[in-house]
Amino acid sequence: MALKEEFEEHAVKAKTLPESTSNENKLILYGLYKQSTVGPVDTGRPGMFSPRERAKWDAWKAVEGKSKEEAMGDYITKVKQLLEESA
């Protein structure tokens, strides 16, 4: 299976993660997903009155140095890990 196809499959699986998944892990997945699909951060950092959006932006910025392919691989690995932990 091609990396992009596997990534898309795991993006669907990520939506089945339990609500108990930590915010930290959700933010890691968000950052890797954005890096995989958009690439480097292309917006300014949200202000302090938007803490949720700011945390998401920070998670994306944290993985900015990864290639799209590397981010896809890391995303797949993280989703697999979280699914195993929740089983």
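Glycine is treated like the rest: Cβ placed from N, Cα and C.
Quick caveat, the model's predicted, so the values are computed rather than measured.
Every protein chain shown contributes to the tally, and the Cβ of GLY31 (acyl-CoA binding site) ends up with 25 other Cβ atoms within 10 Å. Feature annotation from Swiss-Prot assigns acyl-CoA binding site to TYR30, GLY31, LEU32, TYR33, LYS34, LYS56, TYR75.
The domain 'ACB' feature in Swiss-Prot is assigned to 3-87. Look at the domain 'ACB' (3-87): DSSP puts its residues at 58 helix, 0 strand, 27 coil.
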List of residues, in chain order, with Cβ under 8 A from that of LYS34 (acyl-CoA binding site) and at least 6 apart: VAL41, TRP60
Lowest local Cβ density among TYR30, TYR33, TYR75, which the record lists as binding-site residues, within 10 Å: TYR30
Sorted by sequence, non-TYR30, GLY31, LEU32, TYR33, LYS34, LYS56, TYR75 residues with Cβ within 8 Å of centre, acyl-CoA: LEU27, ILE28, LEU29, GLN35, SER36, ALA59, TRP60, VAL63, ALA71
Residues TYR30, GLY31, LEU32, TYR33, LYS34, LYS56, TYR75 [recorded acyl-CoA binders]: greatest CA to CA distance in Å: 15
